[in-house]
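Here the structure is laid out as structure tokens; the discussion comes afterwards.
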Amino acid sequence: MRILIAEDDIDLNEIIVKKLRAEEYAVDSCFNGQDALDYLEAVQYDAAVLDIMMPKLDGLEVVQKLRTKGNLTPIIFLTARDTINDKVKGLDTGANDYLVKPFSFDELAARLRAMTRVATGNPTNIYTLADLTLDAESHIVKRADKEITLTAREYTLLEYLMRNKNKVLSRQKIEDHVWNYDYEGGTNVVDVYITYLRKKIDEGHDIKFIHTVRGIGYCMKVEE
Amino acid sequence: MKKLTIKMKITIWFTVFMIILSTVVFVFIALISNSTVSQETRGMLISLVEDNTREVEYDDGEVDIDDDFVSFSNGVYCLVFDSTGKKFSGYAPYTELESQTFENANIRSVSIGKETYLIYDQLITSKKHADLWVRGVVLESGNAITSSAVYRAVLIMLPILIILAAVGGYMFAGRSLHPIKKISKTAEDIGSSGDLSKRIDIDNNGDELYQLAQTFNRMFARLEKNFEAERSFTSDASHELRTPVATILAQCEYAFENASGEQELYEAIGAIQKQGYRISHLIESLLQFTRMEQQTEVISFETVELSKLVSYVCKEYEEIGEKGITLTKFIQPDIIYKVDRTLFSRMLENLIRNAFRYGKDNGTITVSLKESDNAVILSVADDGIGIAPDELSKIWNRFYRADKSRSFAKGTGLGLGLAMVKQIAELHGGKVQAESIPDLGSVFTVELPAEK
């Protein structure tokens, strides 16, 4: 999952990014509302965590502009403003969720999972494809009940593919959702990691899940 | 005694006063007019008798009464007797009045029943014949006002008038005092709902109640502003505190769950400590600021050599040379002014520190102090990054930082610096101003009024 963090306090911004990356998210961060808007319009994020009190544009303005343009990126406000009025205003402006500082990281992570669950239409945190299961909470991946060990990047890639199962995804799209801006390599990296995944997931099984769609990209589905 | 409304009180006092006043006036007028009338009556009595005396004489042994003799005029009866009591002319209302003994040139009064008559005799001496007496008789109480119809009419009218005045007064008092109801209602509304935005709304007729209402309205406006400032202050302050706390907790969670190895734990602890200092610094500044605002911090004005004070503060910063910035001074010497040393220094320090913070490397800061006819002007100019025009009006707000995401050599600024500068300037009766061009620099000016 690729997440955007917009928080003007450097220290807090840093630790949130650090923690989310430790949870195997691809994370981008910025420090003001204008940048947040630019990032959100440039890339399709799986979710964004926005502070409200930020310089240039405040969080409410960012969400308002985003929603007016039809952008449906799931957004959670993370803010010190705690009154009922603030919460109502934040949610009615267009955010999907509202979390007050100081917050528990576990809660933030759970809310992110909840938002993305809804977005993908998955009823629980466990994504399945035939005998392949991926638990978004514990990050445990199993095929035929046998646990598979993945690196952080491999996990992030697999989670993205599973959440968009049966959809054909271009290399660009995959890269956008699995790697953040810091990565500067070409789209080749996607092919490389697909190979790694195939080795760990499909090898040794009759039914393959990861398919190449010539000229377009990849698709995760049960082979027919 | 049951509590009376002001309306009732006014009306009662007013009515009582009216009664007393009219009674006194009435009595006074009655007495005066009585005595005046009395004087007049006596005057007429005497003058008629004297006039008539000239018309009576002996002619050939006979009493001759001229045609010009007036027997009755203005209520005065005039008679002619000789010393034996024989009457020659005139008549009096009562025989008793005719038979009174004669006294020359002396007014005496005779009561007959309820009436009082005045008698005045004038003697006409004769050598050959019996003396003659001219007598004038007049009713003393007859002309008195007390028996006149006018008097009686007024006596009846007066109570009626007083009653009418009382009723009218009551109504008018009511009308004038009506705004009081509005005032007390509004005050009660504010008291029970806590809604300080309400104002007393009464028509402007310039009177005392209108003034009172306006005074109250001004008070409410001030209270509202203070509460609003207080509310936004505590909300700003708590916001400022939440972020470092959130960072501390997030670092702790990271340390517990994700830190791999001692190095990462060490880093997490370091980050937590940094936030701890930040919170502590914030609390100190907030307390200082609040104390200054509420004036619980004692402000002591003394006459100081301002030029020396400014030089002294500058000197401390000259030597720091942060970012290679040079500090130059243009201080007019011998300027004397009454300030609170501590606060003034703090104000100047805040301005200088800001200049350093937002200054460019190897730039210049200029501090100048000068005195004109009507002001003492302190200014701090820099050639730093400047302030955007749309932010220029906001910089004086609490917790406002132009670029919050920068971290500075001595820890992040809190945004209270300029708010304090403004507060201190205003405590000294002065005002502040900022001018800036982004990327070129800024000038902050504090203008203090000249001492009289």
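Each position is counted from 1, following the chain as shown.
Cβ atoms are placed via backbone N, Cα and C, with glycine included.
Heads up, TrEMBL stuff is auto-annotated, nobody curated it.
Now, the feature entries from TrEMBL:
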TRANSMEM  B:12-32  transmembrane segment
TRANSMEM  B:149-173  transmembrane segment
DOMAIN    B:174-228  domain 'HAMP'
DOMAIN    B:236-452  domain 'Histidine kinase'
Q.
Can you tell me which parts of the same chain pack against the transmembrane segment (B:12-32), counting only residues 6+ beyond its ends and a CB-CB cutoff under 8 A?
A. 4, 145-146, 151, 154-155, 158, 161-162, 165-166, 169, 173
Q. Using DSSP, how many residues in the domain 'HAMP' (B:174-228) fall into helix, strand and coil?
A. 41 helix, 0 strand, 14 coil
Q) Over the domain 'HAMP' (B:174-228), what is the model's mean pLDDT? A) 82
